[in-house]
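K.L.:
Here's a structure for you.
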Amino acid sequence: MTGFRELFGREPDGRWAAPGRVNLIGEHVDYAQGLCLPFAIAERTVVEVAARDDDRVRLHSLAEQDSWSGTIDEVAPRSPDGWAGYAAGVLWALRQAGHKIGGIDLLVTDTVPLGAGLSSSAALECSTALAVDELFGLGLGGTPSGRRALAAACISAENDVVGAATGGMDQATSLLGVAGHALLLDMRDGTDRAVPFAPADDGLALMVIDTRVRHRLADGQYGMRRAAVEKAAAALGRPSLRDATLAEVTTLDPDLVPRARHIVTEIARVRETVELLDAGRLPEIGPLLDASHASLAHDYEVSCDELDLACSAARRAGALGARMTGGGFGGSAIALVPVEQEDAVASEVRAAFAEARYREPEIRGAQPSAGAERVG
Ligand code: GLA
């Protein structure tokens, strides 16, 4: 296996890891100043990094079998493209924000599963950001407010360099995650609160079913949903749909009504979920997960047949609730399952996929885990 020394002719200064995420509920509301309830997962992207005393950036990924080399000043909208844009974009964004940083040599040694809807891109951005923060003494990684500033740079990398108009939930989760908890992210005031979420304590497991249908967020659908939501807010004379009411939503143009209704009802479901979790009533959140999926499938139209089938098969075999997670159009679904039903749910989902002649799904558990950290 190619190592850092073979690639760059010296040892790295350290290793940094950042997790992917699963969103428990609160989907497609981050860019509407809404509330989301994601958690960081155990799967991590790991980068080995050495600081340079010039402006050069040399990047290599073992998973992608690909390299990029350039200077920070050469980074620009849509360049570099592909995976390298996420890492190089972070350097660009930190410099844009006024931080004094130089170049780096970086090797991606491990990655959150790619394309599974578990935010491998945010994990790459956040592990890079934490490494650069430490190597150039920015002093941001040690405090929650500093980590929010790093998350902002990662979001800028994704929005401005990669060109994906994503809303910021993934980067905040990867940098701020707390083991055994989900994070209540308020995307209007930028605050977060750790909410207890430990399914095992209730004899439950949160299963992740990767449909292996590969989504692409940079393509048109995500941006079209975001534009519709912004248009709806403007039509109501509000800065966002955060405080819109269902009564107001019915006054919108008919094509905007279901989109806006999803935002309003989903934010309400997040509040209800948090109330149940705070009250120690985790097993009761199942119907809220199901309702979230129905809203995403019918009102927001970001699901797909494979995600719908994963959820319905999981419920049939005993899941308390199931929904797609992440941007949709493929990627993963989650199912809240009594531990003794886990095997039955996995078999039922696999059988349903085989019968429909879909690719075999990849099924794993998800552990609410800590955010990005130095690991060597
Ligand atoms: C993707 C985006 C997030 C969020 C989700 C949907 O993961 O990166 O910002 O919008 O989709 O909730």
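Placement of Cβ uses the backbone N, Cα and C atoms for every residue, glycine included.
According to TrEMBL, the protein has these features:
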type   : residues : note
DOMAIN : 4-50     : domain 'Galactokinase N-terminal'
DOMAIN : 86-177   : domain 'GHMP kinase N-terminal'
DOMAIN : 274-354  : domain 'GHMP kinase C-terminal'
K.L.:
Under the DSSP assignment, what numbers of helix, strand and coil residues are found in the domain 'GHMP kinase C-terminal' (274-354)?
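P.N.:
Secondary-structure breakdown of the domain 'GHMP kinase C-terminal' (274-354): 51 helix, 11 strand, 19 coil.
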K.L.:
As a test of reading the model: what is the averaged pLDDT for the domain 'Galactokinase N-terminal' (4-50)?
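P.N.:
Across the domain 'Galactokinase N-terminal' (4-50), the average pLDDT comes out at 98.
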K.L.:
Using DSSP, tally how many residues of the domain 'GHMP kinase N-terminal' (86-177) sit in helix, strand and coil.
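P.N.:
Helix (H, G, I), strand (E, B), coil: 54 helix, 7 strand, 31 coil.
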K.L.:
Helix, strand, coil: count each for the residues of the domain 'Galactokinase N-terminal' (4-50), based on DSSP.
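P.N.:
Each residue of the domain 'Galactokinase N-terminal' (4-50) counted once, the result is 8 helix, 25 strand, 14 coil.
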